[in-house]
Structure formats: C-alpha cells, structure tokens
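Annotated features in Swiss-Prot:
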{"type": "REGION", "residues": "1-60", "note": "region 'Required for phosphorylation by CSNK1E and cytoplasmic localization'"}
{"type": "REGION", "residues": "1-99", "note": "region 'Modulating'"}
{"type": "REGION", "residues": "13-90", "note": "region 'Disordered'"}
{"type": "COMPBIAS", "residues": "13-47", "note": "compositional bias 'Low complexity'"}
{"type": "MOD_RES", "residues": "S46", "note": "phosphoserine"}
{"type": "DNA_BIND", "residues": "100-176", "note": "DNA-binding region"}
{"type": "ZN_FING", "residues": "103-123", "note": "zinc finger"}
{"type": "ZN_FING", "residues": "140-164", "note": "zinc finger"}
{"type": "MOD_RES", "residues": "K162", "note": "N6-acetyllysine"}
{"type": "MOD_RES", "residues": "K163", "note": "N6-acetyllysine"}
{"type": "REGION", "residues": "215-246", "note": "region 'Disordered'"}
{"type": "COMPBIAS", "residues": "227-237", "note": "compositional bias 'Basic and acidic residues'"}
{"type": "REGION", "residues": "263-282", "note": "region 'Disordered'"}
{"type": "COMPBIAS", "residues": "263-272", "note": "compositional bias 'Basic and acidic residues'"}
{"type": "DISULFID", "residues": "C334-C340", "note": "disulfide bond"}
{"type": "DISULFID", "residues": "C371-C381", "note": "disulfide bond"}
{"type": "BINDING", "residues": "C381, H565", "note": "heme binding site"}
{"type": "REGION", "residues": "394-576", "note": "region 'Interaction with ZNHIT1'"}
Amino acid sequence: MELNAGGVIAYISSSSSASSPASCHSEGSENSFQSSSSSVPSSPNSSNCDANGNPKNADISSIDGVLKSDRTDCPVKTGKTSAPGMTKSHSGMTKFSGMVLLCKVCGDVASGFHYGVHACEGCKGFFRRSIQQNIQYKKCLKNENCSIMRMNRNRCQQCRFKKCLSVGMSRDAVRFGRIPKREKQRMLIEMQSAMKTMMNTQFSGHLQNDTLAEQHDQSALPAQEQLRPKSQLEQENIKNTPSDFAKEEVIGMVTRAHKDTFLYNQEHRENSSESMPPQRGERIPRNMEQYNLNQDHRGSGIHNHFPCSERQQHLSGQYKGRNIMHYPNGHAVCIANGHCMNFSSAYTQRVCDRIPVGGCSQTENRNSYLCNTGGRMHLVCPMSKSPYVDPQKSGHEIWEEFSMSFTPAVKEVVEFAKRIPGFRDLSQHDQVNLLKAGTFEVLMVRFASLFDAKERTVTFLSGKKYSVDDLHSMGAGDLLSSMFEFSEKLNALQLSDEEMSLFTAVVLVSADRSGIENVNSVEALQETLIRALRTLIMKNHPNEASIFTKLLLKLPDLRSLNNMHSEELLAFKVHP
C-alpha cells in the first residue's frame with residue numbers, strides 16, 4: 001500500500017460504535033483538508049494494525065496508543081512550532097488542532113516545520129546534510145521515479161533529495177535559517193557595501209547629468225576652445241568636476257553659516273574668562289523695560305548672547321497671545337504654540353497671521369520642562385542660564401526668564417537655516433514646519449559639547465557646571481539622562497566644525513516631517529546635504545567609513561529625544 005505523503009491524520013468518533021478513522025490530506029502548511037475514503041495509518045507495520053494497515057480498534061484511546069508507540073524507536077528533538085494552535089507531544093509528533101501532521105517527503109509523523117515544509121527529523125537532517133555538504137548522489141536506477149515512503153526512504157537518496165525539493169524545502173532556509181553571530185556580522189558588512197555601491201551609482205548618475213550639461217555648454221564655446229586637446233580638457237575636468245564644485249560650495253556655505261550663527265560657541269571660546277556668570281537664583285526685574293529698536297548695542301561676552309534678557313516688547317491687539325521679541329538687527333522671534341521662529345519683522349507678521357491664536361498661554365510656551373519637587377521649582381535644561389529658579393517666583397516669571405535665555409539660541413537656528421543653500425527656495429510653509437519640528441534636535445546637536453562624560457557634568461549657558469547627580473536631585477528625569485547619553489555618543493565621534501555643521505543641516509532638513517507640502521523639494525535638498533556630508537566624512541576619515549553610518553543612525557535617536565521632550569512638556573503643568 002502506498003502512503004500519501006504529506007497528509008494529516010484526523011480521528012473522528014461521533015458515537016461509541018466502531019468506525020474506521022477518516023484521513024485528511026494537506027498540501028504544505030495550509031489548513032485546507034480534503035476528505036478521503038482510504039485510511040492512512042502512520043505505521044502500517046505496527047502490531048496494532050491489521051494486514052491492510054487499518055487499526056484493529058477504532059476507539060480514540062487505542063489509536064492514540066498506536067501513535068505513541070509508533071516512534072519509540074527513533075527519539076526526536078522537540079522544538080517550537082511555527083503556527084498558532086500547533087502542539088508537539090513528548091514523542092516528537094506535531095499536532096494541529098488535534099490532527100497529526102505527516103512529513104511531506106516520506107509520510108512519517110512530522111516533528112515540526114522545517115525548511116519551509118512539515119517534515120520528520122530524518123528528512124530534515126537528510127536535506128540539511130545534502131545542502132551543507134553539497135552531496136552528489138548516485139543516479140537512480142528506476143528513471144528517478146522511486147516512491148519515497150518511511151520504509152524505503154533510504155534506498156534511493158537521489159529521489160529522496162528530489163522529493164525534498166519538489167515538496168518545497170528551501171535551500172536558502174538551510175543556509176540562513178539560523179544565522180550565527182559571525183555570519184550576521186558578515187552579512188551586515190555586505191549590506192553596507194551594497195548600500196555604498198548603490199549610493200556611488202546614484203552619484204555617478206548625477207555626474208553623468210552634469211557631464212551632459214557640460215557638453216551642452218561646450219557646444220556654444222568658440223571654435224578655438226573646442227579644438228583644444230581632449231586629454232587636456234579631461235585633466236582639468238578631473239581636478240574640479242561640477243559635482244565637486246557643488247559639494248565644496250555647499251560644505252563651505254553651511255560651515256560659514258554654522259560658525260556665524262553659533263555665537264555661544266565663539267563667545268565660549270574667546271570670552272569665557274572675561275564674562276562673569278550670573279548667580280544662582282538671579283532674579284530678572286519684573287518691570288521689563290521696552291527695548292528701543294533704534295538703539296545700537298554692540299557688546300561682547302556671554303551676556304550679549306541674551307540680547308533681550310532685560311528688554312522685551314509685548315505686542316497686543318491682533319497678536320494677543322503671541323510673544324514677539326524684537327532684536328536690534330531688525331529680526332524678531334515669534335513664540336506661539338510652544339514653537340519659536342525667527343524671521344524679519346515683516347516676515348514674522350506674515351507667519352503669525354497663519355498661526356492660530358487660541359491656546360497660546362504662557363504655560364504652553366514650553367521650551368524646557370520644569371520640575372516641581374517639594375514645592376521648589378527648578379529649570380533643568382542646559383540651554384538656560386541656570387538650573388535653579390527662585391521658588392518664590394510665579395510660573396509666569398519662570399517661563400519669562402527661561403524664554404528670554406532660550407530664545408536667542410532658537411534665533412540662531414533660524415538664521416542658520418536661512419543660510420543653508422536651497423533652504424530659502426522651499427515654500428514658506430515648509431520652512432516653518434521644518435523649523436518647528438527640528439529646532440530642538442538642532443540645539444541638541446549644537447549643545448552636545450555642554451555634556452562632559454568624564455566628569456559627569458553639564459555646563460549651562462551661564463558657564464557654570466553642575467553634576468548630573470545634582471541635576472537629578474533638582475528634578476531632572478529621564479529626558480536629561482537620555483540627552484546626556486546621546487551627547488556622550490556624539491562627542492565620541494570627535495567631529496570637526498565642518499562635519500558638525502553639515503550634520504546639523506541634515507538634521508534640520510528632513511523630508512519626513514509632518515505637514516510638509518512639497519516633499520520632493522525637501523528630499524532633493526536633503527540628498528544634497530547628505531552627499532556633501534558623506535564627501536566630507538570620506539575626505540577627513542578615509543579609514544573610518546563607519547563614521548558616516550554612525551552619524552545617520554543618530555537621526556532616529558534625535559527623533560526619540562524630540563518625542564520625549566514633547567511628552568515631558570505636555571505632561572507638565574506650571575503652578576503659579
């Protein structure tokens with residue numbers, strides 16, 4: 001009697017009277033079963049079966065005893081099953097909803113789902129050895145038409161291997177089913193190499209486009225220029241290709257923008273010894289003097305980094321609920337809905353007209369989070385002057401003091417963004433959305449140097465250092481710890497000013513920000529900045545190609561920090 005390999009045996013007893021078991025057949029792991037009138041026992045030679053292979057007793061207990069005694073001569077390993085509802089008995093049988101699954105190759109009881117099909121331990125090991133050892137079996141003497149069953153599966157190995165492939169066993173599943181650690185590392189290296197090749201292919205495509213444009217321009221050159229030796233022209237073009245010109249120009253412009261707009265970095269280096277940090281708990285006068293826009297202030301030192309620390313002009317009327325902070329250079333910062341944007345005065349008015357007025361109270365201008373522990377209010381953000389705030393101050397005064405110290409840093413981010421090549425070509429709507437969503441991440445990158453991993457200290461903008469333990473005792477929570485961890489990893493890369501400026505631009509210009517209208521334009525600018533960053537990294541670190549990959553992996557970390565920051569602000573309520 002020939003067994004139908006790959007079937008599933010189901011035992012059904014509707015009454016106490018004797019009845020023959022019905023067999024169901026399944027193709028693969030699909031759960032569609034087809035009834036058949038012929039019974040398919042798991043072991044025809046069992047002592048509990050008659051000459052036709054049918055069980056002597058039809059009750060479920062005796063049949064279960066047949067199955068349990070069937071494979072006692074061949075111990076198998078039990079493992080996890082892949083499908084829900086699938087169980088495995090102590091003898092190695094795989095059951096699905098009470099039905100026993102058979103090996104797709106030989107019809108024996110399947111021990112699990114191996115290499116893409118349900119198979120027994122014998123066929124699983126046979127197929128694995130065949131693939132791993134690349135065994136070439138002897139040719140079949142019966143024209144490769146042998147019937148593979150449990151009793152004769154070892155007679156013709158070529159037909160057995162052919163049957164394994166025909167029922168769906170996968171060669172790749174043998175090679176990559178359970179990947180060792182070294183193999184995974186090797187595959188990751190290959191994937192990174194493939195990514196580099198793909199990027200180089202994209203770069204070559206851009207170079208071809210540049211070459212076509214160059215040929216078009218050369219067609220309009222004078223005849224004498226066209227008659228110059230081709231080799232001489234090629235040598236000149238190799239030295240400075242149009243693509244290289246573009247990348248170098250982007251690198252130079254972004255670097256200059258970063259240096260010119262990151263005033264804290266310059267003043268901290270040049271005037272740290274001249275500037276005196278404010279005392280802890282320093283109060284700001286309640287009666288704010290209105291700032292005279294016509295007055296010229298050209299001070300130096302870290303105090304000048306906060307030009308509106310004692311000067312602020314509040315507008316009323318149509319801008320009620322929005323704080324407009326003016327600066328001597330004719331620019332202003334609009335703080336609305338917790339976001340800070342810096343543009344010219346006319347530009348600020350246009351932007352503010354688009355921002356809803358509702359829900360813009362002082363308590364919603366949350367550019368850092370406050371902690372209320374034991375009745376004492378503390379400000380624990382490095383972008384402020386000090387983590388300490390006088391507990392006698394009202395919530396309004398606390399936010400006012402913080403916004404005064406924090407807003408100029410945001411102003412610098414906006415100035416930096418405006419000087420990124422191509423940023424101002426984006427729509428006004430997309431510029432605002434990129435600044436809203438990315439300002440915190442840019443500041444996180446810029447002020448990463450404030451975190452000292454060795455001393456476990458954080459330097460605030462006032463110049464004072466505080467230990468992490470002290471900040472935690474003041475109420476700093478998981479956000480500050482995550483900021484410290486990120487800064488430690490970023491500082492370990494030891495990026496130059498050029499590399500830091502390009503990375504900051506890449507952080508800001510992200511096409512997956514919410515609310516972007518022209519995604520293609522933002523993506524094009526983002527790709528330009530990423531290519532420039534990669535060129536700079538490869539130039540400065542030819543033997544450390546992983547730095548570029550590590551930098552790109554910092555982008556999701558920054559996004560997580562941004563989300564944590566937003567959650568902290570939304571969860572906190574200022575108590576006046």
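Heads up, the Cβ atoms here are built off N, Cα and C, so glycines get one too.
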Within a 10 Å radius of its Cβ, which of these recorded positions (K162, K163, H565) has the fewest neighbouring Cβ atoms?
K162
At the level of the C-alpha atoms, what whole-angstrom distance separates K162 (N6-acetyllysine) and H565 (heme binding site)?
60
Tell me the Cα distance separating K163 (N6-acetyllysine) from H565 (heme binding site), rounded to the nearest angstrom.
59
DSSP-derived structure type at H565 (heme binding site), helix or strand or else coil:
helix
When DSSP states are grouped into helix, strand and coil, how many residues of the DNA-binding region (100-176) land in each?
28 helix, 10 strand, 39 coil
Given the model, what does the mean pLDDT over the region 'Required for phosphorylation by CSNK1E and cytoplasmic localization' (1-60) come out as?
40
